[in-house]
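Chemist: A single structure is presented below for examination.
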Amino acid sequence: MAFVARQTFEYQMPSTWYPGHMNKTLKRLKNLTSSNDIFVEVRDARIPLTSRNYVMEDFLNKKNRIIVYNKCDLADTFHTKAKVSKHRIQNLAQQFQNVECWFKETSTPEKSAFITPYVSKAPYFAKELLRLIRTLVDQASANGRVYVYFVGMPNTGKSSILNSLRNVALRKSKSAIVGNYPGVTKRISEIVRLFNDMDVYMLDTPGIMTPSITKPEDMLKLSLVGCVKEGIVHPVTVVDYLLFHLNRIDPSLYSKWSLPTNDVDEFLQNTAYKARKLTKGGFDENFVSNYVIQQYRIGRLGRFQLDTIDKNELLIRLHNEQNKKNAK
């Protein structure tokens, strides 16, 4: 009998992950920033709508903002598909908010081995972004200090982009701590000078989640790409959600480990055996689940978007977001 993938995914999720330091950071940003300041908002291209923080929208819409969709190479297998997705995101962004959108691929040595030829040179991206920031600074203020804040959800790559800009602009080693775990930055960081000839400074900020999630499935997406602290959603549930997507896209993406299956337990046991991830105690589902999740995050289980990118989906999200705001 031919394999038939699940068409729906049943789940019960935590409402959100919103530690106290996130709310403190948001309040501080609102109180400290001026009209001259620039905000670089970093989103994950695999979840371009889900990684949009509706709590910050009213605040950021009044600011000079650049949106960077990071990790584009992990969002699509084929470059032509990536271009289509970029155009869709760009068009949606231009329709609903007056911002500049940029797209960046991953650039770490570990990841680049598996995603060539889609990786763009980090220095090139940095130079172009620096040129845009200079333009915005000139437009914002003829004199006076300007701050460039890097904001977004946890683990979207804010610190890495900040360091890349600093390295290119000043030829200095990186300053912000970079980690693959959400919550590495817990407070607004030290002030870092951006240009030698301009009074412009950069600040890294902690990743900020939303106090509540507009769609329950979003917690699964955020957990899968690494925006949510490990353990908030059980790793087996995260893998089950990944398996759901893999089966709908192409079950052969995991053929090196298992035959097509909708059973996450069967999938994990087969993976543990084929990938040689059995521990001394035998089969450890959490250990194998975390291994599978990491393989997905570096592009070894296909590269695809988890969000549906269309106008209707964004309108639904905007409606749900407004309901959340009105309920306060």
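A Cβ is built for glycine as well, from the same backbone N, Cα and C atoms used for every other residue.
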Chemist: Looking at Swiss-Prot, Asn70, Lys71, Cys72, Asp73, Asn155, Thr156, Gly157, Lys158, Ser159, Ser160 are annotated for GTP. Which of Gly20, Gly207 sits in that same site?
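Modeler: Site partner of Asn70, Lys71, Cys72, Asp73, Asn155, Thr156, Gly157, Lys158, Ser159, Ser160 for GTP, according to Swiss-Prot: Gly207.
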Chemist: Would you mind ranking the binding-site residues Gly157, Gly207 by how many other Cβ atoms sit within 10 Å of each Cβ and giving me the lowest?
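Modeler: Gly157, out of the binding-site residues Gly157, Gly207, has the fewest neighbouring Cβ atoms within 10 Å.
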